[in-house]
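Listed features, source TrEMBL:
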SIGNAL    1-20  signal peptide
DOMAIN    61-133  domain 'Oxidoreductase molybdopterin-binding'
Amino acid sequence: MLKKSVFLSLLIAAASQVMALEQPVGRVILTVTGAISETNQQGAAVFDRKMLEDLGMKTLVTSTPWTEGVNTFKGPKLQSLLDAVGANGTTLTITALNDYAAEMPAADAAAHDVLMAMEMNGENMRVRDKGPIFMLYPFDNEPSLNNEVIHNRSVWQVKSIHVQ
């Protein structure tokens, strides 16, 4: 019985290591804190670009109030990030490099397929181009989202997300 208990304990420990977030190798571009169960740094989950790409790159073709014409954006879905960190909250505070912050209902991530855009028209988004991460709602797919409240939640130059 003791051998079985030890084996099960080792199996559970090994499984949790496989599921744990990896450590970033490149420059950290996003930090997630708050009500999360998966971390790779004390009290936080930090991501480099490759880690975010590994969440699965999706495409959104839309116009925005801040760009000219219709553009093709690519990046992971916000919901994929929230799932990866085990987010357990109802509100996200999204903060930009210039410390602009906006609150977003966590439910928006799935309800509206919010994209964490990292590419625009095949080019990596640089800080001067609203990168490295630009929170985008599907404005053309859901015209009702084209309003001031949602515009304020569409943070660019995102550096952190706090889950509460």
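The backbone N, Cα and C atoms fix where each Cβ goes, glycine too.
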Q: Averaged across the domain 'Oxidoreductase molybdopterin-binding' (61-133), what pLDDT does the model get? Just tell me the whole number, please.
A: 98
Q: Give the residue counts of the domain 'Oxidoreductase molybdopterin-binding' (61-133) per reduced DSSP state, in the order helix, strand, coil.
A: 15 helix, 28 strand, 30 coil
